[in-house]
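Structure first, commentary second.
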Amino acid sequence: MRKHETAVFILPAGLLVCALLGVPMLMMARISLNHYDPMVLMVEALTAENYLRAVTDPYYQQVLMVTLGVALSSTVLTLLLAFPAAYWLSRMESRWKSTVTILTLFPLLVGNVVRSAGWIALLGNDGLINATLQEAGFIVGPLRLLYTPGAVIVGIVGVVLPYMVLTLSAVIEGIPRQVEEAAGNLGARPLTVFRRVVLPLATPGVVAGSVLVFILCMNAYATPVLLGGPQFQMMAPAVYDQFSRVSNWPFGAALAFILLIVTLLMTVVGSAALSRKYRAA
Amino acid sequence: MTEFTRRDFIGVAAATTLLPRVSYAQSSQVIVGTWGGDYGDLLREGVDQAIMVPQGIEVLQDVSGPVPRRTKLMAERQNRRGSMDVACLADFDMFTATELGALEELDEQNVPRMGNVFPFLRKSHSIPQIYSAHTIVYNTDRITTPPKSIHDLWDPKYRGKVGLSDFLFTTNTAFAAIAGGGSMTDFAPAKKKLMEWRSLDAKVLASTEAVAAAFKSEEIWMTIIAAARGYMWNEAGIPLGHVIAEEGAFPTVYEAAVPRNARNKENGLKYLDAMLEPAAQTAFAAKMGYVPTVSDAILDPELDKRINFTEAEKERFWRPDFAYLAKYQAEMLDFWNRDFKG
């Protein structure tokens, strides 16, 4: 493809991204350097005070750590759950394959808030699980299932699972079945075939799926707010707090950029490490 | 053939640029920045359709949450023309907009019904549309002896049964300040009392709706919220009552104002006047439990008993110092998030 043809193809999407993402981000970057005043809200300045406060304050360090912890746990759990499903889906030869693929997409048709409402109905003190356990006499009082980090991780995994399954299955589908059969014929056990053949060849899918899911987890808002409760803090709700509750746009913008930078760094470092590990294998 | 000189062209072009502005100024329209839901519906029925439309004024509701509306008001204040003719906001947000000079000054000359507003609610740049008080709302089945003091919120016998709305962190902090010996200009004592709440397992609930759900499931028996909310939930079947404690309560006023740069200022002022009409006020009282702000809006005696406040209770209302609240709000949220909730 010639250079000018490439430019024509990427121009519409490029312009859209510049207009709807690049420009607002530049504006946010500028705002993050302003000074906050409770009365006039924002005073024009060129100060790093918001970034300094965010990185030195133990509270926001803790919020960032919780966010990273939840995002990493959710990504690993999603990968573990999605890989077998994606493998099965990609090797499926039944006429139901397209139906199963659509069913995989089905959760994406339900909004995060509605899905969280479902989890609340399931995990709440008077929710289905507690009611059933109490009815069966296994417990006296309700178990605390909702408003816990576990509830947030389960909720987020439920949201991102389809992305991982579809990304992985697209890549696994491209791995010829004969490669696995050849390894088997040469005496490799199923686990060895998986570890030495399938997994290394599926690395691009693992990396792409993990990056996609990790980014979504780092920026999760509705699920931590609804399933984590008011005492559970992650970065996206903390950013929203600064904008909406105290109108501190400069600090909110600085927190947003820190979240962006950390996500970007983790994504680059993580995907490079994963690629190297499985390429070496 | 008609000659069309360069001068003619410039003249027509200049006139054309004026046309939209002239038509805009003359259009009988008013854009009202407001909440949606019941609030928006009540405005539409009681003010837009009942009062404005018969005057030949078309009302367009610009529905959003209070935060975008406040931000829009602040951001547009330097512009020659704003996007709203009327902005509805809570008292605290309206104070900030007033201080920044974003609002038109009001009096009986431009809003005749301002004369009927209760003096304790009257302000220079906004009308009080409806009001209530953040106070103790409790389950009447579980707490048969009504609480008398705000200290009852810290009574160990209600351990784990006091719920606090995360959304109302300012009000909750104000109650803690008063309980700790502080005042509306000294919230420092709140910190100790907030931590006492924490040790008494007070439940922090994510939203107003979560408070209602917690009352319904009897997860909580007592909270601090607008008496009007207690009335609404009571109407929905939850056994609730409210008391104005002997120490007082935190008034909450929903206000409306005309931005100084409103395109249809005259219509905006007419709209404010219409909002103060007795029929519009009583409709809000019946549906949402908020008390009228004008002396000639007479409520049904039964409704009045349930949602209104006696003169003695009104006397006990605290007088929030909004400048102090604005100055320390970020600090309050920090303490609320990291120490109390954290």
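Any Cβ shown, glycine's included, is placed from N, Cα and C.
Listed features, source TrEMBL:
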DOMAIN    A:64-270  domain 'ABC transmembrane type-1'
TRANSMEM  A:7-29  transmembrane segment
TRANSMEM  A:63-88  transmembrane segment
TRANSMEM  A:100-122  transmembrane segment
TRANSMEM  A:151-176  transmembrane segment
TRANSMEM  A:197-222  transmembrane segment
TRANSMEM  A:251-274  transmembrane segment
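The transmembrane segment (A:251-274) shares the most Cβ pairs under 8 Å with A:197-222, out of the stretches A:7-29, A:100-122, A:151-176, A:197-222.
The transmembrane segment (A:63-88) shares the most Cβ pairs under 8 Å with A:151-176, out of the stretches A:7-29, A:100-122, A:151-176. If one looks beyond the transmembrane segment (A:100-122) by at least 6 residues along the same chain, the residues whose Cβ comes under 8 Å of a Cβ in the stretch are 85, 89, 92, 128-129, 146, 151, 154-155, 158-159, 161-162, 165-166, 169, 222-223, 226-227.
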